[in-house]
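Asks: I have a structure here, written as structure tokens, and I will follow up with some questions on it.
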Amino acid sequence: MKVISSIQELRDQLRGQNRTAFVPTMGNLHEGHLSLMRLARQHGDPVVASIFVNRLQFGPNEDFDKYPRTLQDDIEKLQQNNVYVLFAPTERDMYPEPQEYRVLPPDDLGGILEGEFRPGFFAGVCTVVTKLMSCVQPRVAVFGKKDYQQLMIVRRMCQQLALPVEIIAAETVRDEDGLALSSRNRYLTTDERKEAPELAKTLQRVRDSVLGGERDLGKLEQQAHTHLAERGWVPDYIAIRRRANLIAPSAAELEAGEPLVVLAAAKLGATRLIDNLEI
């Protein structure tokens, strides 16, 4: 595996490749990330991964400085998973001058849910993903369903900007107790880690209620919010939305069997966790 930091060197290395599969990450790789690499290999060759902790998608009070950086461990894991090139640029490589041009998602998708609680987050994501796509020129790119809203925004962005990249969705990988794998799980204390699976269990109860015929979605959302709060969580949102556009479904759409997803974000101690389940 080649480890490259220079954009020009990356382009030189990939010149002539027309089936590249790309997996962008921020590093601190776990089994969830590695499952993306394996899925990428099913859809293209060679597989290119990137590791870049993107300052643009962190808010002023978020964890950019303490976000775990484990490059040497990550390199070993990628080598074991047959990745052809790791693009690991420095901040100077990616942003040699102030990034004045940004890619802004529409408010109806980028300003809700995560976008409401993390202003500027999706503009940072879209900007860096567009720049990475320009560098790698992949045929396909793999994103995880765990970041459901991000997946939808990136997919729509590629469609609307006519980027010739197929976005592949990868299923969320969970620990044995149901907790969705995340680099931020390492922030949890021992007691918090024991409590953390309750987020997924709460979403499962919401899903089961909807599948069982409950149509008062607002009541389900509030019950889930209250349940987590009573256990010491601080929920940002629990929302049942249409999979197609993350808009709340109408009564008619519910009766017609509109595909739904329940999404949640909540703090447990100092750690903010997100999760979702399709319904």
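Here the Cβ of each residue, glycine as well, is placed from N, Cα and C on the backbone.
These numbers come from a predicted model, not from an experiment.
According to Swiss-Prot:
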{"type": "BINDING", "residues": "26-33, 144-147, VAL173, 181-184", "note": "ATP binding site"}
{"type": "ACT_SITE", "residues": "HIS33", "note": "active site, proton donor"}
{"type": "BINDING", "residues": "GLN57, GLN150", "note": "(R)-pantoate binding site"}
{"type": "BINDING", "residues": "GLN57", "note": "beta-alanine binding site"}
Asks: Taking every protein chain shown into account, which of the binding-site residues GLN57, SER183 has the largest tally of Cβ atoms within 10 Å of its Cβ?
Replies: GLN57
Asks: Specify the count of other C-beta atoms within 10 Å of the C-beta of VAL173 (ATP binding site).
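Replies: I count 18 other Cβ atoms within 10 Å of it.
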Asks: Rounded to a whole number, how many Å is the Cα of VAL173 (ATP binding site) away from the Cα of HIS33 (active site, proton donor)?
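Replies: Rounded to the nearest whole number, the Cα-Cα distance is 9 Å.
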Asks: What is the number of other Cβ atoms found within 10 Å of the Cβ of LYS145 (ATP binding site)?
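Replies: I count 18 other Cβ atoms within 10 Å of it.
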Asks: Far apart in sequence but close in space: which same-chain residues, 6 or more away, have a Cβ under 8 Å from MET26 (ATP binding site)?
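Replies: ILE51, PHE52, VAL53, ASN54, TYR67, SER183 - these are the non-local Cβ neighbours of MET26 (ATP binding site), listed in sequence order.
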Asks: Taking the Cβ of GLN150 ((R)-pantoate binding site) as the reference point, list residues of the same chain whose Cβ is under 8 angstroms away and which are at least six residues distant in sequence.
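Replies: Those within reach of GLN150 ((R)-pantoate binding site), by Cβ under 8 Å and sequence separation of 6 or more, are GLU114, PHE122, VAL125, PHE143.
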Asks: Provide, as an integer number of angstrom, the distance between the C-alpha atoms of LYS145 (ATP binding site) and the residue listed as 'active site, proton donor'.
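Replies: Cα-Cα, rounded: 12 Å.
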